[in-house]
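Participant: According to Swiss-Prot, the record shows the following:
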BINDING   11, 192  substrate binding site
BINDING   33, 62  Mg(2+) binding site
SITE      64  site 'Transition state stabilizer'
SITE      67  site 'Transition state stabilizer'
């Protein structure tokens, strides 16, 4: 089982704020996510600028595309994104359109499982050639005190068994990682737990050490 990668989510409102994070920890992570908040705040230039600064890193545009899949994904890929996200409630043709464009750029598409989705949809995504999904505990659910539970673990295992590369996100803390041991997680996303740590560098390194210990 390969080691899960570590992704930092830049849900900053400005590039200036995002740079405060990346200048510290960009070399400690595998993937740099231009979060939805930053995409809205700064547009695709955020993707272009971060990829220019860190060409050796995977840069994800978390656009959460809901419609106009070909148009919006092309905007992201032309800004040199490596991956883009499509929201799970989008029509299957939106996901297919985004994937068609991704292939032109040797990129990839992730289905963001935020909110309601079904296993029937999951099979449609697989049948369409989608390889990646993001299992997401929402920011608002976290704020309401919703913790990771057995239902989450069961769903993540099932997605993995279907052949998806599963990314896990949603207020992940270091102490949450053992919950997922034994599952071939593709990526763990840490946002505030790294960005807001007293030492973001040490926080990122602790995540990497824990991943190596649990999956190595």
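Using N, Cα and C of the backbone, Cβ positions are placed for all residues, glycine too.
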Participant: Rounded to the nearest angstrom, how far is the Cα of residue 33 (Mg(2+) binding site) from the Cα of residue 64 (site 'Transition state stabilizer')?
Facilitator: 12
Participant: Between residue 33 (Mg(2+) binding site) and residue 11 (substrate binding site), how many Å separate their Cα atoms?
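Facilitator: Approximately 8 Å lies between the Cα of residue 33 (Mg(2+) binding site) and that of residue 11 (substrate binding site).
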Participant: So, in DSSP terms, is residue 11 (substrate binding site) helix, strand, or coil?
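Facilitator: For residue 11 (substrate binding site) - judged by DSSP and reduced to three states - the answer is coil.
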Participant: Counting other Cβ atoms within 10 Å of each Cβ, which of the recorded positions 33, 67 scores lowest?
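Facilitator: Checked 33, 67; of these recorded positions, fewest Cβ neighbours within 10 Å: 67.
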Participant: Counting only other Cβ atoms and using a 10 Å cut-off, which of the recorded positions 64, 192 scores lowest?
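Facilitator: If we count Cβ atoms within 10 Å for the recorded positions 64, 192, the smallest count is at 192.
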Participant: Sequence gap of 6 or more, Cβ distance under 8 Å: name the residues on the same chain that satisfy this around residue 11 (substrate binding site), in order along the sequence.
Facilitator: 35, 36, 37, 38, 191
Participant: Hey, does DSSP put residue 67 (site 'Transition state stabilizer') in a helix, a strand, or just coil?
Facilitator: coil
Participant: Other than its own, how many Cβ atoms are within 10 Å of the Cβ belonging to residue 62 (Mg(2+) binding site)?
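Facilitator: Taking all protein chains shown, residue 62 (Mg(2+) binding site) has 27 Cβ neighbours within 10 Å.
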Participant: For residue 192 (substrate binding site), which of the three DSSP-derived states applies: helix, strand, or coil?
Facilitator: helix
Participant: Using C-alpha atoms only, work out the spacing between residue 192 (substrate binding site) and residue 67 (site 'Transition state stabilizer') and round it to an integer in Å.
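Facilitator: So the alpha carbons of residue 192 (substrate binding site) and residue 67 (site 'Transition state stabilizer') sit roughly 29 Å from each other.
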